[in-house]
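If you look up TrEMBL, you'll see B:109, B:114, B:149, B:153 marked as [2Fe-2S] cluster binding site. Per TrEMBL, region 'Disordered' is recorded for B:185-204. The compositional bias 'Basic and acidic residues' annotation in TrEMBL covers B:185-199.
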């Protein structure tokens, strides 16, 4: 551990640290543009210059200089001040003075740092450089004249996303950042370059000219577009959510989020259910809460009431429904809408046990029936890191571009019954082997075989649990923790022939198998569920209610309420509470706090944030796997839920990026 | 250099170059270039391969050669690397032509030593023949580019035409070179001054004169 002196303060830094990191440890702020903790070191912006002795008598780029024993670093000397002023002046030579019309204004590194470290005025009187705009797809808006060539976006797409598509063409003053032939950036994390861009060169296209950062109310939330549970910040103004940004959580999403998490917001204001609707003579008509509740009561369901929960609901909603059903004398609740059936009696068997942060250390991974890149993009980022460290990957399922080297073993699950010696040797020889069972395999009964393989390959050892199930429904783990699953899945609900069927935002289910039930849809978007419903009760979408979510690794996280639901829409739990009154039963809570207390009493695992499913032994499993995975369950990753389907941005992404349609640019 | 741009892709370009592959000669050279690097580092040979590709394009079009987009894509596939990385290299180095050039690519040095020795006059001669900076003449014979120092300052002014340097130019000597090239002849490369062999001083040594005949120890005279 080298000891260095920063501005007279002696500190010990970890071996391999850079001078910049040493300065940060000492509490000194080092301005920078190109350096980023999660990307490789480029050293091309020169903003991080400091004075280092021993060494040449000139300022040194601290981001690329290793800290060594006995270094004397100064960040406050006249030389450093002048160096920063000089670099800043050079950077600003070709940077346009268009802050008033720039979307980065107010959250711009260049703006902030020129105030803090610049000279205050320019001495440059020549013409500035101008660069043509580059087309980077429907999400990223470019103003390349503002680019300062930090190459963060280039490094991100190469290193993190694993899709080499952004590059720096030409040289010197003429350098330009562009995608290959200005094709749209085609990967599921592309919009993270907008956050990375320290200036306004890459900004958000759908959010262009919408708001200034200081106008926005920032609310801490949890993303529900996939089951990873990325930590997000919901930026809203008035009653409208304007954008979603990632929050840093090294255990979950580091500091990235998937494009669909970021751009689902414009779906929140479209196709919303903001009135009560009742189907009369085959036609939906606007109605009132009272009438709707009367109608449900008139169905005289008794204990013949069932509930199916959708992918986006929070634990509180699920628990409120569970309590309502319990009060009616029913336990018919299920969330695996598409009819998936697998054994849910053991939570560790259906959990992502390795955890997202630890899976980076796996050295051999067998992925069974999962298109991870589109089912959980942020998990794919972790797996790429493992692959870079030399992990071997074997996939069972149709081939797709994994963004890391992987061997595909074929579409037929029966390959698991007699794995080739290459796979067996790799898995058995691995120090930290992992198995990931995806939805395509869970639905074909491969869970037991996977558990048997887990025992055979010894994936659970001291300090390492390599057995993982991967869901893509954000409500799945919460529902399973609450015990809301039937042994036979949806088939059990169908067989019970309920008189009243509550659909809690369940849009992917088949309603035609319930011809005699009164179908009550409690949800927020006019999607498939609302089309099939007899009664529609408008509810709140995820930014409009506080809620508890459990991600794939069984991590309990809480999201806060950012805005109010539109029109007559109410928070889901209040609807269920009112319905209990209408049905004349008691659920045992009158307020949100009482609801939470009851939920914690029912399922103590939800009481504390953090990993709820840890430890516990895996069931033995056994048997053989069979079945061919023709397609992965996600047909279009940009349109997996009602919010996304309502979002014009996501529709365009789907058309342009997924289906490859040519979209003509409107003349601006 | 600020005028550099990639020739936009058109269906005609696709049709003409989409099926580009190295011929036997260049393929052998490409394999040899790749073999210079360790396994898994084959992309280090990208500069050599782009050069070979440009030369083969040159042979096929009877010009100095250039790099159409499908050819860059071919090199990327050949080396199993992302095409954007190949384009980065091709656009960085000015020796790769990104747009079609004429049979003779006249690269005229205009940096200070050449300029002081009369590169403006050479430029005039170029213009007199209809050449325009960054353009190819109608007959497809000449492409003119003004470049920075090519390292021939002691025999300035100079032009580089395809692979040959022509130095110690005057308007007349330059015209003679171009006329010879246009006629299909191969003018002598290097200095065009009849009194010079390479870059030695005209009319004999002007310094270290005592060393001409025999070894001389100057140290006592310093």
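Using N, Cα and C of the backbone, Cβ positions are placed for all residues, glycine too.
Predicted, not measured: the structure shown is a model, and the values here were computed from it.
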Long-range Cβ neighbours of the region 'Disordered' (B:185-204) (under 8 Å; 6 or more residues past either end): 152, 154-155, 164-170, 173-174, 176-177, 212
Residue B:149 ([2Fe-2S] cluster binding site): secondary structure state under DSSP, collapsed to three categories: coil
Additional residues surrounding [2Fe-2S] cluster, by Cβ distance to the B:109, B:114, B:149, B:153 centre under 8 Å: B:110, B:111, B:112, B:113, B:115, B:119, B:148, B:150, B:151, B:152, B:156, B:157, B:158
Position of peak Cβ density within 10 Å, selected from the binding-site residues B:149, B:153: B:153
Residues in the region 'Disordered' (B:185-204) grouped by DSSP into helix, strand and remaining coil: 0 helix, 2 strand, 18 coil
